[in-house]
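Per Swiss-Prot, the feature disulfide bond maps to C204-C221; the stated evidence is sequence analysis. Per Swiss-Prot, the feature domain 'OCEL' maps to 396-504; the stated evidence is sequence analysis. Per Swiss-Prot, the feature region 'Disordered' maps to 324-396. According to Swiss-Prot, the topological domain 'Cytoplasmic' annotation covers 1-57, 149-158, 250-504. Under the heading topological domain 'Extracellular', Swiss-Prot lists 81-123, 184-227. As annotated by Swiss-Prot, transmembrane segment applies to 58-80, 124-148, 159-183, 228-249, with the evidence given as sequence analysis.
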Amino acid sequence: MFSKKSYDGPPAGYGPPTGYGAPTADYGYGSPPPGSYYVDDAPQLFYKWTSPPGAVRGLQAGVLVLCIAIFACVASTLAWDYGYGLGGAYGTGLGGFYGSNYYGSGLSYSYGYGGYYGGVNQRTANGFMIAMAVLCFLAQLGLLVAALSKSGATRSRRFYLAVLVLSAVLAFVMLIASIVYIMGVNPQAQMSSGYYYSPLLAMCSQAYGSTYLNQYIYHYCTVDPQEAVAAVCGFLIVILLCLICFFAQKTRSKIWRYGKANIYWDRAPVVQEGPDVEEWVKNVADGASVQDETATLAYSEKPTSPVAAPPYSYVPPPSAGYYPSGTYSSRGDQPDRALSASPVHGEEEEEKGKDQPSRPPARRGRRRRRNPELDESQYETDYTTAVESSDERDQEQWASLYPPITSDGARQRYKQEFDTDLKRYKQLCAEMDSINDRLNQLSRRLDSITEDSPQYQDVAEEYNQLKDLKRSPDYQSKKQESKVLRNKLFHIKRMVSAYDKVRG
C-alpha cells in the first residue's frame, strides 16, 4: 500500500525540477502564452472595488442609475406628445394663434414640422432616446449580474473582451441618441435659415416676445428642465461607457501579465490569531503600550497540521538514541514521565537495563496501540503557557530581580533584555514544536498503515526515537528554560506597562 521510504532526508516531492519537458495534466495549465510574462509574488486583489474589475462594476452601476434617470425624465414629457400631441397642440395652439393662412391646418403643420421643413420629429427623438436607455440598461445589468455571479467564465480575458466591445458599441449608439434627442427637443438647434425661410423659427421668436403665450407653443419652442437633464445624462453615459472600456482592457492586460495564479478574485478567509508579541514590542518601543495585562506572551502549544509542517525542520538522531535499547519498552502507549527521579534511582534502572538482553530492532519498532483516540500526544503536555501555581512563587523572585521601573533608562534596559530573551524563547518553542509536529505526523501515519507492512517498522522506529528524545535531559532543560523565560518576559511586560500608565 505504501512504499518504504526513509525519513532521514527531505521528501522526494521537494527540490529543483530534474527536467523541463512538457507539463503533465496534473496541473491543468501549460506555459504562458507567447509574448507574455508572469511576475512572481505580485498578487492582484481583484475583489477590491479599487481594482480594475471593481471599477468596471462601479461604473456599470452608475450607468444603470443614469439610464433610470433618462427614462424618468423623458417619460415625464410624453404627455405633451401623446396627450395633446403635435397635431393637437399645433392644431389648436398654432393654428388658432397664427391663423390658418399662415400654417394651414394644425395637422398639416404637424407633418410639415417633421417632414417638410427637414427637422427632427420630437416624438421620434423621445422614443429613440428611451429605447437606447432601455437597451443600455439591460445590457449593463446583464454584464453586472454576470460579474457578480463569481463564475469561472466571467473571470477570464474573454469576458472582459465582450465587456469592452459591447460597451464601445453602446457608447457610440448612445452618443447618436443624445445628439438626435437634443435636435428634437430644441427647435433652434435645427434652424439655420432666416425668419423668412424658417417659419417655425419666426413663430418661436414671436411667441417669446408676445404677451399672450400658449403653453404648448412654449413647450415645443423651449427645452424643459427634465429634457436638459436627460440630454446631460446621455452624454454622461457615453463617458462612463468609455471608462468601462478602459478598465476592461486594463483587467485583460493584468490577467495576461501576472497570470491566473496571481489573481485573487475572492477575499481570503481571515484566521483568528492570538496576541502578537512582536507587535507589542513595537508598541513598547514607541511608548504606546496600553494593552491589557491578560494578553500574555502565550506561544501556541497546539501543533500545526502535519501537512503544513516544514519538511526540513527535524533530522532524526542515530538509532542508538540517548538511552540504551533496553531501558525503554517497545510499547508506544506509555505516557511521558518527567525526569523527577533521583540520580540513584536512575543508576539502578540503568544497571537493570544492562543485565537484560537487548530487544531486536524490529520488535522495538512495534507500536501496539491501534485506537487513535488513545494517542498519547493528546494527553502529554509539553511546554505550556498557561498560568500555573508555581507562577505565584516565581513572581516574587522576578519582582526582586526586576523591581518597578522608575526612569526611562531603566525602561530602556528592561526593553533590551526583553528583546534578547524573546528571541531565545521563540527559538526554544520552535525547536520543541518541530519535534511535536513530527510526532503527530508519524502517529497519524502509523494509524493509516498495517502493522505487518514493512514500512510500519521504520515509522515506528523513528517514532520511538523521538519519544526517547523528548525524555532526554536536553529536551527537558529546554522545556524548563522556556517556562522560565515565559514568566520572565511576562513580568517585564507588566513592569513596562505599569510604568507607561503612570507616565501617561
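Glycine is treated like the rest: Cβ placed from N, Cα and C.
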How many helix, strand and coil residues does the topological domain 'Cytoplasmic' (149-158) contain under DSSP? 6 helix, 0 strand, 4 coil
Take the Cβ of C221 (disulfide bond) and count every other Cβ within 10 Å, whichever protein chain it belongs to. 20
So, by DSSP, how many helix, strand and coil residues make up the domain 'OCEL' (396-504)? 95 helix, 0 strand, 14 coil
Same chain, outside the topological domain 'Cytoplasmic' (149-158) by at least 6, Cβ under 8 Å from its Cβ: which residues? 252, 255-256, 263, 265-266
